[in-house]
Amino acid sequence: MSDIKEKIAALRQKINYHNNLYYNNDAPEIPDYEYDMLMQQLKKLEKENPELITADSPTQKVGGSAKRTAGVLIKHDVPMLSLQDVFSKEDIDDFVDSMQVELTDCEFTVEEKIDGLSLALRYYDGKLKMAVTRGDGIVEGEDVTVNALKLKGIKKELPDKLPYLEVRGEVYMSRAAFEKVNERQASEDKKLFANPRNCAAGTLRQLNSAVIKERELAMFIFNLQTVQGKEFTTHTESLEYFKQQGMSIVHDYAVCKTKEEVWQAIEAIAARRNELAYDIDGAVVKVNDLKQRDKLGATSKVPRWAVAYKYPPEEKTTKLLDIKLSVGRTGRITPTAVFEPVQLCGTKVERATLHNQDFIDSLDIRIGDTIQVYKSGEIIPKVRCVIKEKRPSGVEPFIIGDTCPVCNAPAVRDADTADVKCTNISCPAQLEGRIINFVGRNAMDIKGFGEKYVKSLINEGFLHDIADIYYLKDHREELIEQGIIGKEKNTDKLLAKIEESKKNEPWRLLAGLGISNIGKAAAKSLIAHFKSFTAIEQAFIDEIILVDDVGTISAQLIYDFFHEEKNQIILEKLQAAQVNMQLNAIEYIEQAVTALTDKTFVITGTLPSLKRNDAAALIEEAGGKVSGSVSKKTDYLLAGDNAGSKLAKAEQLGVEILSEEQFMELLQKNVID
């Protein structure tokens with residue numbers, strides 16, 4: 001039993017983690033199908049062990065609480081429940097059979113399941129007065145009315161002036177619009193969105209409503225929530241009414257009587273899936289009669305009158321043409337499969353990462369093999385397996401090798417990981433990666449310094465290390481003459497941005513040095529503790545370990561970096577260029593203005609209104625520090641919903657636990673006027 005408890009606890013923790021990424025950060029790490037399989041495992045274990053079901057289990061709640069950016073929270077008139085997911089024809093047959101046993105003369109509709117963000121629209125006397133996100137699905141959602149008015153497919157005013165009408169629909173982004181957005185992101189050297197759904201979700205919560213129109217967000221209406229002044233008998237009758245009122249409704253729905261007809265309709269949607277202008281991730285089967293729906297009711301999480309059939313990841317068979325090797329900023333050599341182009345989810349794909357030598361060996365993948373590739377809600381496809389029956393004779397196992405594919409220096413396999421790394425610190429590919437990291441937004445944040453310029457400046461011999469960036473001004477005439485950055489205006493603009501970055505907070509420089517394991521949080525902690533690069537360089541390992549967000553391994557890496565001769569030369573060049581390497585007097589004063597100075601906070605769970613980044617910024621502005629893990633050094637744990645193991649550890653260690661409300665009171669109380 002203890003093994004089952006541990007397995008259930010691990011699944012809940014994993015699902016809550018992915019719920020937070022999906023609902024609160026619009027940045028899922030795994031495909032929808034993998035998430036669904038995790039949820040199915042948990043449901044199965046809980047069904048077999050009902051005594052282990054708890055109220056806070058992900059199976060007992062409606063997804064996650066969507067994050068709040070600018071809107072106030074609004075009470076739901078009608079709960080915006082999620083649907084019960086099913087994954088096989090047998091599941092569909094069981095649903096139809098159970099409905100036909102319970103209901104007389106039951107009819108079903110089958111519709112596309114749009115992959116977007118759920119939204120409820122409220123009309124008063126025919127005028128759109130409020131748009132509310134799903135939020136927690138039960139109690140409240142976020143008011144996004146100003147942004148919703150910019151959506152395609154909705155009507156601000158309806159021809160019929162019903163006293164009250166609430167409809168539910170899905171906000172989505174077409175594939176063509178998504179490609180335009182990502183092209184713009186790439187041209188501005190910004191992070192690409194993972195998929196149209198994430199982009200739509202993030203866009204709907206933008207403070208600037210003009211972005212909604214610019215990114216061409218649209219909405220399909222798929223359900224009547226509640227109405228006054230008119231009666232509907234069936235779901236299809238309500239859909240046709242919405243259409244007459246000028247709203248966009250889900251396309252080509254089918255009305256079915258038997259389970260055979262239902263399955264045929266599901267297959268018909270699957271057949272046209274790639275031809276659609278937008279993403280769908282399944283088909284929704286609903287009872288058509290609205291009175292029958294009322295009779296069936298709902299559980300705490302899902303309506304009993306509908307299910308969502310989730311399509312398995314689309315897979316295609318293709319031929320592996322080559323395995324290309326690339327080198328990152330740390331020297332890591334990554335193999336990429338290059339295969340004959342195939343269409344997956346409406347886009348052409350011809351590459352997929354093979355991760356490392358262990359992954360290659362586990363699949364026994366060889367150039368010339370026939371492989372299966374799939375894509376489930378992600379930009380980058382994956383290799384599922386090798387069809388060994390189709391393997392041609394004479395193909396050899398693929399070995400990454402012991403030399404760098406870029407500079408031919410020795411490459412060695414890391415004993416702790418499966419990674420093979422180039423040992424040449426001056427490798428052009430590593431240099432390119434280091435400089436891209438250095439100028440990026442999580443380090444020196446030099447706007448306009450894109451990847452294209454980095455490559456050109458390295459190839460033309462202007463950049464040999466990160467410090468050379470601050471000496472580009474000495475080559476202004478050459479840069480303009482050669483047009484590497486563009487004409488005079490563009491060149492001067494970038495050089496000005498480079499000069500401006502010299503005044504950055506010193507943690508940005510530290511984060512940009514490319515020391516393994518030292519990102520934004522650790523860099524901030526190190527600077528807050530030591531105040532200057534000189535102090536870090538003079539510190540011993542046992543002193544560095546005392547800093548929050550820095551462990552034993554990281555402390556050794558920091559010490560080694562600052563004591564390596566070639567790195568010292570780079571640091572001297574940066575210092576000579578007058579790049580800021582210490583906290584200035586103003587920053588010292590700013591750090592001392594509150595009683596929370598040097599207090600360590602850990603943030604966990606989903607907060608009612610604040611995003612984690614916003615909460616962290618408030619803590620840092622008040623002089624506190626944010627850590628990623630709970631320890632004896634932790635002063636406060638800011639805990640929201642689904643707090644998980646960090647909450648348990650904080651309670652065990654006696655750490656003071658704050659709700660968001662208590663946190664805001666603490667901030668106001670401790671600011672010294």
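Note that Cβ sites are derived from N, Cα and C of the backbone, with glycine treated the same way.
Copied over from TrEMBL, here are the features:
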{"type": "ACT_SITE", "residues": "K113", "note": "active site, N6-AMP-lysine intermediate"}
{"type": "BINDING", "residues": "D32, Y33, E34, Y35, D36, S82, L83, E111, R134, E170, K286, K310", "note": "NAD(+) binding site"}
{"type": "BINDING", "residues": "C404, C407, C422, C427", "note": "Zn(2+) binding site"}
{"type": "DOMAIN", "residues": "591-673", "note": "domain 'BRCT'"}
Quiz item: Given C404 (Zn(2+) binding site) and E34 (NAD(+) binding site), what distance in Å do their CA atoms have, once rounded to a whole number?
Solution: 34
Practice problem: Pick the one among the binding-site residues L83, C422 whose Cβ has the fewest other Cβ atoms within 10 Å in this structure. | Solution: L83
Self-check item: All-chain count of other Cβ atoms within 10 Å of C404 (Zn(2+) binding site)
Solution: 23
Quiz item: How do the residues of the domain 'BRCT' (591-673) split into helix, strand and coil according to DSSP?
Solution: 31 helix, 19 strand, 33 coil
Quiz item: Which whole-number value in Å describes the distance between the Cα atoms of K286 (NAD(+) binding site) and K113 (active site, N6-AMP-lysine intermediate)?
Solution: 12
Practice problem: Calculate the distance in Å between the alpha carbons (Cα) of the residue listed as 'active site, N6-AMP-lysine intermediate' and C407 (Zn(2+) binding site), and round it to a whole number. | Solution: 50
Practice problem: Grab the pLDDT values for the domain 'BRCT' (591-673) and give me their mean, rounded. | Solution: 76
Quiz item: Looking at the binding-site residues E34, D36, L83, R134, whose Cα is closest in space to that of C427 (Zn(2+) binding site)?
Solution: E34
Quiz item: Got a sec? Which of these binding-site residues, C407, C427, has the most Cβ atoms within 10 Å?
Solution: C427
Quiz prompt | Residue among the recorded positions K113, R134, K286 whose Cβ has the most other Cβ atoms within 10 Å | solution = R134
